[in-house]
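Features of the protein shown, as given by TrEMBL:
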BINDING   80, 124, 125, 126, 127  phosphate binding site
BINDING   203, 205  substrate binding site
DOMAIN    40-289  domain 'Nucleoside phosphorylase'
């Protein structure tokens, strides 16, 4: 069954042209169905270099590229985001934090709609701080929760508070877990992901420029998070889940943990080890894509 992108905006039908400003793309200047109509998988992550590395990785895994191939940045006309494509896979950077990924998602969802894409699955891959997990563990998000452990995304629209659901596709989550079992290379868990508005105080760190709470208060808070089902902390998953839900898109969040926040706040692991950790979400999502396309 064809599942097309749903846009919750009747005003777009009245527009003669839709300019995706932060992508440097527009329906009046680009043929979206020709450029993106075959997209079935979208992978988004914070860093442009990481998303460039992912497209090279998935191209080789799918037999659509070889080492040394150059993949042009589709959004080269702007320095806000980077976008790469190979076959049915689109790879897009989203920057850091809810505002940055939200802007990107508005334009990405419209891009998929204008391209008449169907049966699309979107993944967010990234890094995170773990709670009660060894560094290098991968967390597949069951649901994104806010800093009070509620599964919701709260936003002020026209001066009024709007609350949206942050549940993620349960079947997709289980399928990703099965993929990790089949890969058998790293520890993976399904758990809740806490999405915060800040890297320092918002996540209970003791090493920011401002910190007006004690180490005991920090640890108590993180243990309460763990007891509520939270296994990692990042800064994008809530709006990602909320916007994908409203648009009728299957979505998943897959993040590797770089440290256990119960043990400290600063990342002291060597660069080489961190580089290997950061490849783990790519490997998991890449394996899922290969399996979905019958290439495993």
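Using N, Cα and C of the backbone, Cβ positions are placed for all residues, glycine too.
In this entry, phosphate is bound by 80, 124, 125, 126, 127, whose most widely separated C-alpha atoms sit 20 angstrom apart. The C-beta environment of residue 125 (phosphate binding site), restricted to residues of the same chain at least 6 apart in sequence and closer than 8 Å, consists of 43, 44, 45, 50, 54, 254, 255, 281, 282, 285.
Predicted-model confidence for the domain 'Nucleoside phosphorylase' (40-289) is 97, expressed as mean pLDDT.
The highest number of surrounding Cβ atoms within 10 Å, among the binding-site residues 80, 124, 205, is found at 124. Taking Cβ-Cβ distances under 8 Å and a sequence separation of 6 or more, the neighbours of residue 127 (phosphate binding site) in its chain are 46, 234, 255, 256, 257, 258, 277, 278.
Here residue 80 (phosphate binding site) is positioned 26 angstrom away from residue 203 (substrate binding site), judged by their C-alpha atoms. Between the CA atoms of residue 205 (substrate binding site) and residue 80 (phosphate binding site) there is a gap of 28 Å. On its own chain, residue 126 (phosphate binding site) has 45, 46, 234, 236, 253, 254, 255, 256, 281 as residues at least 6 apart in sequence with a Cβ closer than 8 Å to its own Cβ.
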